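*Asks:* My structure is below; once you've seen it, I'll send some questions.
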Amino acid sequence: MGHYAAVWDHKAATEMTKDWNGIDQVFLRNPHGASAKISLHGGHVVSWRNDQGEELLFTSNKAIFKHPKSMRGGIQICYPQFGDCGLLDQHGFARNKIWVIDENPPPLNSKESLGKSFVDLLLKPSEEDLKQWPHSFEFRLRVSLAIDGDLTLTSRVRNVNGKPFSFLFAYHTYLSVSDISEVRVEGLETLDYLDNLRKRELLTEQGDSITFESEMDRTYIRSPKVVAVLDHERKRTYVIGKEGLPDTVVWNPWEKKSKTMANFGDDEYKSMLCVDGAAVERPITLKPGEEWTGRLMLTAVKSSFCFDQLELQSKGF
């Protein structure tokens, strides 16, 4: 691994392509065959595959990916609003805008690029955006794929406005699972959560782990930095690490709501689960010139693999 890290050229591992609408996409790969694909439409991660070529993110078979609407699936950037908690469209406007490649981004920690293939994207508000949300900002997003196939998204929002502003944020992450009834989430036990199906009523998690038997839409507040999603049938565990993101949103629409959703199959709820690193219970406020950083780190491993504290530390969790 050290040898690869020393010689791996991230630019050689990055390829520009276009989707069927002619919008640019960035294709990242690593030496072992893992890959990720990021669209400049929304800074949207539309694919993440392991070294066996297996797709790890869910995308609806009925998804329509045509500007300015977002595609249902992958990893969406929800900014400056999450859900319908505000005056903007659902999940804010960042996921519907065309981003540009940032050729000269401000430096990140050296670990963010060592041995990784990555791309840096940039979003600034248009005049239309400023009419809806009158705050000037620079939003930088780095998506990186590591030698071991881990996927990391690092968002940096800087206030270039003359006054403070506040925003909500989430990495709306659609994970591909075999059967939602056979999946459980660990790491959120005993935590308080806002039940979005009960007008954000504050409740406390009672289970030893989270399992799914009906629609779920919860915001776990002050959640730990690491959460695990165990898929028994596929013998796969997703480990979701986060920094700068105090909340974790867990969502599955289940059968009844699925039938009412646009661009989503009636039975597709069975093969997806959203677990989002988020900052939605309390807004993030930036003074003029201040910058906020929020990071999401995704790992997919065999369920027999056991993460101890040293392993987590070695992965940056």
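Cβ atoms are placed via backbone N, Cα and C, with glycine included.
Take a look at what TrEMBL says about it:
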| type | residues | note |
| --- | --- | --- |
| BINDING | Arg72, Gln90, Arg95 | substrate binding site |
*Asks:* Under 8 Å Cβ to Cβ from Arg95 (substrate binding site), same chain, six or more residues apart: give me those in sequence order, or none if nothing qualifies.
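*Replies:* Sequence-distant Cβ neighbours: Gly42, Gly43, His44, Ser70, Gln76, Ile77, Cys78, Tyr79, His172.
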*Asks:* Using the centroid of the Cβ atoms of Arg72, Gln90, Arg95 as reference, list every other same-chain residue with Cβ within 8 Å of it (recorded substrate site), in sequence order.
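*Replies:* Everything else in range on the chain: Lys69, Ser70, Met71, Gln76, Cys78, His91, Asn96, His172.
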*Asks:* Report the same-chain neighbours of Gln90 (substrate binding site): residues 6+ apart in sequence with Cβ closer than 8 Å to its Cβ, ordered by sequence.
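*Replies:* Sequence-distant Cβ neighbours: Gly83, Asp84.
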